[in-house]
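S.K.: First the structure, which I've put down as structure tokens, then a few questions once you've had a look.
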Amino acid sequence: MTSVPAGAISKRDNVVVFDTTMRDGEQSPGASMSLEEKLELAKILEEMGVDVIEAGFPIASNGDFEAVRQIAELITESTVCGLARAAAGDIDRCAEAVRRAKRGRIHTFISTSPVHMKYKLQMEPDAVLEAITRSVSHARNLVGDVEWSAEDATRTERDFLKRCVEAAIKAGATTINLPDTVGYSYPSEYGELFRDVITSVPGADKAIFSAHCHNDLGLAVANSIAAIEGGARQVEVAINGIGERAGNAALEEIVMALRVRGDHLPYGTSVDPVHITRASRYVSAITGFPVQFNKAIVGKNAFAHESGIHQDGMLKNAETYEIMKPEDVGQGATNLVMGKHSGRHAFREKLKALGYELGQNALNDAFGRFKELADKKKHVFDDDIVALVDDALARGSEKIRVSRLRVVAGTDGQSAELTLDIDGVASTAEATGDGPVDAVFNAIHKIVPHSAALRLFQVHAVTEGTDAQAQVSVRLEEDGRIATGAAADTDTLTASAKAYVNALNNLFARKEKSRPEAAIASGF
């Protein structure tokens, strides 16, 4: 079965795609992103055609406020949204953050389930209703686009939920979100919830209804699709499905489910899926969260066929075992071989096919790094090129660079001699360790003393073969600050050194820019 052409679905039938990778996605333990990484991700999301970018929770910290503010100034096509509790201070801070957005939105929420009202809010239902009216009205006086969410909607008493929705719409909410906050619902009951609320609440036709599903039972995507069947016209999603606990509904899965199965649900999205793989890999690189090999749409094996019977069918007609083309999501039709004899024009066209449009300086830099890699490898595959470019994108401020590394390993121990370039000045140190990687990291510590603790060290081969590139992710933590670094190289130890140094660069940049923060976590 082939995908429905993007132009076959009219704009009025589109489902609004609301991306919360930088807000709910960042609430995944260890998934903290720097300001520079968020700005780059925002550009990727806008280029993809994402309708709404939830850029952060402005009252939570100065860092979140600044991210929302700068993204609001940067983005011109997508709506930029900030999150706020049902409190005037939250809403005012959010309004200030999105003030310069061409299209700005305030997303305010309050819990509505009995367990949340009793134990979390310690509020009576009537007080919650008053808070909804007060907060939504206040937000609507500041911006024209206000979303209201009933936190823990799927465990809320139905009649009370309808009263809350009616109050929010009367107060001026333009979008109503009914989140499955704890991933509790089944698709049939979640779809029925939307049908019931939309058909029975007065004024429901004045608002767009939205689904926000968590994946605690592995049903986030199925529930989101069921909500669309029930009348929802916005879905709240995250790249790679990252988010609190088991994560959110995955953007890539919902977008492609709607595109491939247009015969079942005649609704499209504004997202150009050719950018999906690039976005997935970038988010994986900056968070250090690997994408499982069998992950739908973006996993390494999503378009792999090993069975002889399957391969035979694919050679005769790809539709025998593929319901979409890998090119549709930016994975490239085949692993075309690129090598040291490939020219700049071929390299540029390959980047375009993989979803990258680089400026001339960035292209020249990437091409030079590609030629260096091609001299080390017999064949350079699509995944090698993606890792090479994403490695450059993932790097933050580069005050420190790896200049030279020599490792000696033997039965009597391992030692590393490392030279780092720090603001143009070379510094060299030797160190031993419990293994070659430990020796390399100890050498870095000798040159750049720090108190950061290593929280993650992860290595995987980008492609197959003994000359495959190693992609390394490192996560450091110091005084509550978390920084991630990623690097790729044909030599695992060199990649490890570069990843550690990239993490240090990001950590030091974050320390320089940090101000006192009040960490406030949102529930859904």
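Backbone N, Cα and C define each Cβ position, glycine as well.
Take a look at what Swiss-Prot says about it:
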- 15-275: domain 'Pyruvate carboxyltransferase' (DOMAIN)
- Asp24, His212, His214, Asn248: Mn(2+) binding site (BINDING)
- 401-524: region 'Regulatory domain' (REGION)
S.K.: When the region 'Regulatory domain' (401-524) is classified with DSSP, how many of its residues are helical, how many are strand and how many are coil?
M.R.: 34 helix, 56 strand, 34 coil
S.K.: Look at the binding-site residues His212, His214 and tell me which residue has the greatest number of other C-beta atoms within 10 angstroms of its C-beta.
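M.R.: Compared across His212, His214, the most Cβ atoms within 10 Å surround His212.
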S.K.: When you measure from the Cβ of Asp24 (Mn(2+) binding site), how many other Cβ atoms are you left with inside 10 Å?
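M.R.: The answer is 26.
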S.K.: CB neighbours of Asn248 (Mn(2+) binding site) within 10 A?
M.R.: 33
S.K.: Going by DSSP, give the three-state secondary structure for Asp24 (Mn(2+) binding site).
M.R.: coil
